[in-house]
Amino acid sequence: MAAERGARRLLSTPSFWLYCLLLLGRRAPGAAAARSGSAPQSPGASIRTFTPFYFLVEPVDTLSVRGSSVILNCSAYSEPSPKIEWKKDGTFLNLVSDDRRQLLPDGSLFISNVVHSKHNKPDEGYYQCVATVESLGTIISRTAKLIVAGLPRFTSQPEPSSVYAGNNAILNCEVNADLVPFVRWEQNRQPLLLDDRVIKLPSGMLVISNATEGDGGLYRCVVESGGPPKYSDEVELKVLPDPEVISDLVFLKQPSPLVRVIGQDVVLPCVASGLPTPTIKWMKNEEALDTESSERLVLLAGGSLEISDVTEDDAGTYFCIADNGNETIEAQAELTVQAQPEFLKQPTNIYAHESMDIVFECEVTGKPTPTVKWVKNGDMVIPSDYFKIVKEHNLQVLGLVKSDEGFYQCIAENDVGNAQAGAQLIILEHAPATTGPLPSAPRDVVASLVSTRFIKLTWRTPASDPHGDNLTYSVFYTKEGIARERVENTSHPGEMQVTIQNLMPATVYIFRVMAQNKHGSGESSAPLRVETQPEVQLPGPAPNLRAYAASPTSITVTWETPVSGNGEIQNYKLYYMEKGTDKEQDVDVSSHSYTINGLKKYTEYSFRVVAYNKHGPGVSTPDVAVRTLSDVPSAAPQNLSLEVRNSKSIMIHWQPPAPATQNGQITGYKIRYRKASRKSDVTETLVSGTQLSQLIEGLDRGTEYNFRVAALTINGTGPATDWLSAETFESDLDETRVPEVPSSLHVRPLVTSIVVSWTPPENQNIVVRGYAIGYGIGSPHAQTIKVDYKQRYYTIENLDPSSHYVITLKAFNNVGEGIPLYESAVTRPHTDTSEVDLFVINAPYTPVPDPTPMMPPVGVQASILSHDTIRITWADNSLPKHQKITDSRYYTVRWKTNIPANTKYKNANATTLSYLVTGLKPNTLYEFSVMVTKGRRSSTWSMTAHGTTFELVPTSPPKDVTVVSKEGKPKTIIVNWQPPSEANGKITGYIIYYSTDVNAEIHDWVIEPVVGNRLTHQIQELTLDTPYYFKIQARNSKGMGPMSEAVQFRTPKADSSDKMPNDQASGSGGKGSRLPDLGSDYKPPMSGSNSPHGSPTSPLDSNMLLVIIVSVGVITIVVVVIIAVFCTRRTTSHQKKKRAACKSVNGSHKYKGNSKDVKPPDLWIHHERLELKPIDKSPDPNPIMTDTPIPRNSQDITPVDNSMDSNIHQRRNSYRGHESEDSMSTLAGRRGMRPKMMMPFDSQPPQPVISAHPIHSLDNPHHHFHSSSLASPARSHLYHPGSPWPIGTSMSLSDRANSTESVRNTPSTDTMPASSSQTCCTDHQDPEGATSSSYLASSQEEDSGQSLPTAHVRPSHPLKSFAVPAIPPPGPPTYDPALPSTPLLSQQALNHHIHSVKTASIGTLGRSRPPMPVVVPSAPEVQETTRMLEDSESSYEPDELTKEMAHLEGLMKDLNAITTA
């Protein structure tokens, strides 16, 4: 409080604020905030002080028992008093409705009647106290673990034992780790009193040193954990008199690795037994420990070492050395000391303004190294661009905003515990402006230098202060689209430039600059948008990477500086990985070499190096592999066994040490053997490293020998196996025949076991290598057990009570098994009191090892059952033919998938010849293999079997759904997506749903199917300036997956210049009139509502509008005059020809022939590019044919089916067989198909011969028929039987005079509206309504029976001239690969062979038009050509020009009306 009062007095001093103003620009961004106590505010502003808010008491880890009560303490201090809540496992507890949990007045949590069972553990877990002050913030306490002791379970029972007087003895009692504190011992059913000679180790084990007669008796272990006591087996400890002979020195209990926390006590157990009685000494890291003079080190009974108040210096390797004068043995263990997290520097309270950068400091220590996380007002702080963890543990907040205010806590956690420390952040308001003048906005703010990670800004002084020597400046900047703004101040007054550092490459930033004077901050400059450059300056690979082994556990790696460093190399990152694993580790290095320690011995590692400069990581070097040096083996050979061959030899068998413990190439084995009697000489024999057995000969008859084996590498000898004994025969016995029957067999049944005893065969001259015991209910062949030849009794365990068992006993040797001896017994009922069979206590048992190696399972098969289940079956050749398992063998099944790569195997054990593998992934290939294990021996893995699970419907929607507008086409959008992350099979298709109402039923959405190999789709003809919602659903062979979340997209606004060409190109016809096509350069006036991006635009000036109207009128008058002059110059001869042709009734093909010189005017289409050409009569008898392809669009060519309605339904919501580069569709086409027409033309504009015809009125509907079925649209050329050139026709119809049947058999088209112009020859029309379109065909085409494709013409702009066809878009024609071009005859060829006619439907203004077929007939014979040439003499009606001019006048009036509107 004194510091606060001093801060207030300081803040009220004007000189202080002048000094702060001068230093404002000198502050670094991260240090621009005031630390606890001083608030950097201007005079007059209210000062907020920091509020004390902290925990007085925090909960700690607690151990409880079932049924008891427990209190977790918690108390917090604040003014006003905080509200206390509790979290369990991260979730708030509802204490209002909880009967067993209640909140105490001080904030502690009281839990009554703790519940804990095997399947219900509601009280055990992690608890956290949360304190909240409504107007201040929230803090959370450390996390405390509540452990509830489980039900007492003995993992190890005490066993009967005997001890010589004066020696040491132990009795095991292993229970659950959490129940060890509740263990006690009883002797003869009375509590055992512990003293310096009789102690209980922390594990619960009882140690009796210097045993006396009084120590003998019955012992049992008792666990009392709140419920009824749990008793272990009661066993007898016998104290035998001192035999005064020498016995082996052995460890009864060896130390094991331990982990303790600083401040705890630890006991390193070590108990040895032998005669003479051994003494125990301890060493730490090869230094002897003085347990007599040290107060913290105590030698307990039996030799165990107790260390009190453990410190970090106590960590290390401890050696227990037992010595009895004749022999010395030692054991070692590692003690690891851990430390709870502790704060070296705690975060402090901070004052700051908005847009400033601050740093909360937090420095912790602990072992293992703690992890640090930050919490703001009780919520986790997730690192981002503006919340960063710097210098390992500090929290940096960039660009403060008001919502950042509150309490921040640094929480440190490791395996031992956790701790928290917090601080408060207060965001201060800027001081109000004084009455003095403030500076205006700085001028000409520009980015003078733009780099990848920094931008330099410069500006001019404000206009209000041209000199600006006393002005300071603040630059505010933020990422585009981010509301959080940061500030950078100039370093001294008058400086007009600043460099913004630590920016992201290729990122857009928004900058603004404000000037400050002594009165306050002025106006802000206009925002400046600048994009940083992309990152390209990264280091190259480090050359000359080398690695060499420095020791068995370390490797040194060296390298050089990259040639292309692109700047100063800041550091290197060295990556290394053990061969055969997928876990790569890394270490930061500042030099050009590094030695990695703690590696595995004789193991291969790979290394690579990546250089870092200020831009980031560079290119990695190639991997370099090296192996650590070899060392002596760290483990003994495995599976040592002895086989007595005769009276003078014994065969030894063994297996190499485990691969991980060989530590190098095994170069040999050292065999040591001696007689079992004490003080006998040891003999050594060396064998090669590939040899796994050795025959030891020259032994004494009837003598017991001890054997042990050790492995060797070039570095030395590893540890040896334990001594194993075998006795040679008294004499060389016969092994040419099987042993005889054992002389006797006795059985003694118990409740769940049978004790079997026997005597050897009477004939002692035949070798007996062991006995085989068979037993089973009703049959002795169910189970078989083999025992050593010296064994005379055996206890068969795990039998059923009250069951009849048949038992057989056979002696065997290497020749085979002898004659069996049978016996039967009935186990006792379960109600009988179990008794200990004293006959078998301490009975030696030496099982005979199976001499044959284990064979792997065969015939492994994988049967697919479902999408996540596969059954694995196999056979075992080591079993009998009926494949019945009669021993304790088991099988291990392993499986994995190769997707993703380097996945690890999963394993499961089975006791049958099959296993059901569940929980697999759908549509995934797995490989399986099986291994058999019997005792300590295992086979190799079997051959692998493979199986792929069935598919399943996708369980996740398509991801990354994005919608963008297509450039240049505002009505077209492009939908992109990525496949589902859980496709569960091959994706066969997608369905896109879109609608303008996100809440509409899904069946009301428009759907767009897409094939499965596409990840993008175009949708056309959407409404402008309209929000659409899109969802995507994936499907595979099993069905549809879930839909993605709705993605909203608003189509852009477009002006009329954009709309006109788009509508025209897509053929979208609307009802009502349209604006005429005034050319691509014409742009009508736009209102503010039609401006792009929705921004209002200023309306056109009225004078400009008047000028446009007058100009259009003048141009129109000029065009009309030109057309009138052109038309009046037609010759009289041409008019006569028209009249004659109109009155002629010789031909049945009635159409308007195009005169050679007549060129009907076209007001909106450039007829210089494409005109109606007449047909010239050429006398050339050998015309030259040209093959001209017709450009087509697959969207506009639709095969004609039986009816037009069926065509429309086929196109609706279905896949298209042939799609263009981008899949396209229209919304209008989904609501109702708009008629489409396509008018293909020759790629050479002057070539096509086109005739335009009127559409019949509604009163006289005409029908177009096809005489045969349609051909496939994929056919490129159809050949006339009698013609040498390919022809491309839409259909073949005979002359109407020759065939009228074709007219009656064709399907009808849609009714045509009345044409705006009528033909002059109406009196010659077919009364039955035959079509007026021109058809040309030959009789040979009818006979051929070929069916040809029909193309539909898409209507062009409704105000285009009826006399001139639509001009295809400029540029080279595009061809659909599915619909190849059909050749047309050239103009010259047509003059001699055929009068080829294309028909186009011409409708009136504003009316919708159905599709009409475009007919390109084939070439007729010569005689047909002659007749057609005669028909071509047709000419116009005398009044035809008048009608055309009248029609043209109507169009002019429409244009004038639109222009003036």
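Cβ atoms here come from the backbone N, Cα and C positions, even for glycine.
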Among the candidates C129, C221, the one bonded to C173 through a disulphide according to Swiss-Prot is C221
Annotated phosphothreonine residue, as Swiss-Prot has it, among T944, T962, T1404: T1404
Separation of alpha carbons, N639 (N-linked glycosylation site) and N909 (N-linked glycosylation site) (Å): 22
For N489 (N-linked glycosylation site), what is the secondary structure by DSSP, using just helix, strand and coil? strand
Nearest recorded site to N470 (N-linked glycosylation site) by CA-CA distance, among glycosylation sites N73, N489, N639: N489
N73 (N-linked glycosylation site), Cβ-centred 10 Å count of other Cβ atoms over all protein chains shown, is 18
Rounded Cα-Cα span from N639 (N-linked glycosylation site) to N489 (N-linked glycosylation site), Å: 77
Other C-beta atoms within 10 angstroms of the C-beta of N470 (N-linked glycosylation site) total 12
Could you tell me the mean pLDDT the prediction assigns to the domain 'Ig-like C2-type 1' (52-141)? 89
Going along the chain, which residues six or more apart from N715 (N-linked glycosylation site) have their CB under 8 A from its CB? P552, S630, D631, V632, N663, G664
So what sits near N326 (N-linked glycosylation site) in its own chain, CB-to-CB under 8 Å and at least six residues off in sequence? I246, L249, P276
Would you say which of the glycosylation sites N210, N489, N639, N909 has the most Cβ atoms within 10 Å of its own Cβ? N489
Which residue counts does DSSP yield for the domain 'Ig-like C2-type 1' (52-141) in the helix, strand and coil classes, in that order? 0 helix, 44 strand, 46 coil
